[in-house]
Amino acid sequence: RFIAKPCAINLGIQDSGPHRAQPNAILEKVFTSITKSPDGKRLEGLSKQLDWDVRKIQRWFRHRRNQDKPTTLTKFCESMWRFTYYLSIFFYGIRFLWTAPWFWDTRQCWYNYPFQPLTSRLYYYYILELAFYWSLMFSQFTDIKRKDFLIMFVHHLATIGLITFSYMNNMVRVGTLVLCLHDASDFLLEAAKLANYAKYQRLCDAFFMLFGVVFIVTRLGIYPFWILNTTLFESWELIGPYPSWWLFNGLLITLQILHIIWSSLIIRTAYKALVRGKV
């Protein structure tokens with residue numbers, strides 16, 4: 001409200017919504033209770049009932065659908081909030097982990113487990129991340145609806161489960177590695193969105209391509225060969241098959257499946273961008 005909105009207005013992003021549909025009780029009832037995209041047969045019936053041309057009814061439904069879409073200003077403000085969080089928490093995590101021995105040697109995650117001290121910096125890192133993902137879990141029902149709603153819902157559930165579960169079992173060392181790795185690419189995607197909403201196309205393309213590279217390298221390269229390697233094999237070797245081993249790794253593998261789905265979407269988008277000349 002006090003930072004993102006003024007920034008958007010200075011960049012020329014208007015707070016005007018799409019063209020509103022003409023008020024009509026019959027069409028509104030069909031739209032809200034039956035269908036948002038009526039087929040040919042229903043359009044003909046409505047045309048006779050209202051004495052309207054079919055094209056006019058189609059145009060009304062298009063305007064009514066667009067009416068519910070958020071404005072560019074709203075999307076800009078949401079992305080700026082997320083960009084600020086992801087960038088801040090990523091640098092906090094990198095600064096904290098740079099001096100942590102398990103950042104350089106993942107076997108340190110399991111030495112003397114579970115009797116490992118919980119430092120205040122580690123505690124705050126965990127609580128901030130958990131609070132943020134809980135906020136996303138609740139706000140996704142009121143925020144801007146996107147095509148990957150179901151995948152994001154599963155992602156938030158898996159993430160909250162992993163953060164809570166690893167904290168309760170004092171697996172916070174490997175947990176910080178997972179969190180920092182995931183934050184590495186998220187702020188780049190939000191930066192690409194901000195550039196897109198502000199109509200800086202070349203900047204948007206550059207951020208998106210950089211995001212795609214970082215995402216695929218971290219989620220399909222570093223994550224399975226660094227994180228999953230230590231949770232599946234090094235932990236088994238150093239502390240044995242502890243009771244929660246299956247659940248913990250099951251959640252981590254669920255995340256890896258989501259990474260593969262998202263990576264395919266990113267690659268498809270990047271391919272289309274190269275063909276069209278823009279994202």
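Every residue, even glycine, has its Cβ placed from backbone N, Cα and C.
As recorded in TrEMBL, the features of this protein are as follows:
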- 29-72: DNA-binding region (DNA_BIND)
- 27-71: domain 'Homeobox' (DOMAIN)
- 74-275: domain 'TLC' (DOMAIN)
- 83-103: transmembrane segment (TRANSMEM)
- 123-142: transmembrane segment (TRANSMEM)
- 207-226: transmembrane segment (TRANSMEM)
- 246-267: transmembrane segment (TRANSMEM)
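Sequence-distant residue pairs (6 or more apart) of the transmembrane segment (123-142) and the transmembrane segment (83-103) include at least 3 whose Cβ atoms are under 8 Å, placing the two stretches in contact. Through the fold, the transmembrane segment (207-226) approaches residues 106, 177-178, 181-182, 184-185, 188-189, 191-192, 195, 255-256, 259-260, 262-263, 266-267, 269-270, 273, 279 of its own chain, all at least 6 residues removed from its boundaries and within a Cβ separation under 8 Å.
Sequence-distant neighbours of the transmembrane segment (246-267) (same chain, 6+ residues past either end, Cβ-Cβ under 8 Å): 148, 151, 154-155, 158-159, 161-162, 165-166, 169, 171, 178, 211-212, 215-216, 219-220, 223-224, 227-228, 231-232.
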